[in-house]
Amino acid sequence: MMAETHSKSEVSTTTSTATSPTYAAPKSSSGISLCLQYFKTGPGIVKLVELVMGILCMACAAPAWTKGTHWFLFVVVTAFVSTSIWCFIYLLNLKNAINLPIDWLLTELLNTAITTLLYLIAVIVQFCSIVAEKERNIAAGVFGVFNMLTYAVGSFYLYRDWKDSHPQSSFSGPVLKRNP
């Protein structure tokens, strides 16, 4: 009944904003500009938590005395560097400044999903390679579990945003749809 009082353009505008991605970069500037709004959104906060948890993992696991801890540190440092790069991409609004035919959301989704899987493997290896009296390695493994879960939440946000921006996909399950 309420939709009848609005014009057709207003109704279509409100329905399209209901399925907008979690974060949409400002379209006004075409060059490199400082953009802090991303870090006030859910995915931005998740990225910052990933960085902080990565620092805690590195601090607890270094120096590596076992081969399992070497692998764990390799995954943690690689994830930290890639997440830092993505933070700089969002901070400097490089997605709009660089005109390349890249599906940025899909690239970031694949990066975050692969990092989640690598964290899962690294945490298992870290817990299996704990030697006696190395509490810091246990703490590193526990922080690794929390960081793996944080990366999984980030992957979920990215997948949901990617599905919202690609509606022609064949999967249309009700579980991952955004609530109005």
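Note that Cβ sites are derived from N, Cα and C of the backbone, with glycine treated the same way.
The following features are taken from TrEMBL:
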type     : residues : note
COMPBIAS : 10-28    : compositional bias 'Low complexity'
DOMAIN   : 38-163   : domain 'MARVEL'
REGION   : 1-28     : region 'Disordered'
TRANSMEM : 48-65    : transmembrane segment
TRANSMEM : 71-92    : transmembrane segment
TRANSMEM : 104-132  : transmembrane segment
TRANSMEM : 138-159  : transmembrane segment
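Residue counts for the domain 'MARVEL' (38-163) under DSSP, helix first, then strand, then coil, are 106 helix, 0 strand, 20 coil. Mean pLDDT of the predicted structure over the domain 'MARVEL' (38-163): 90.
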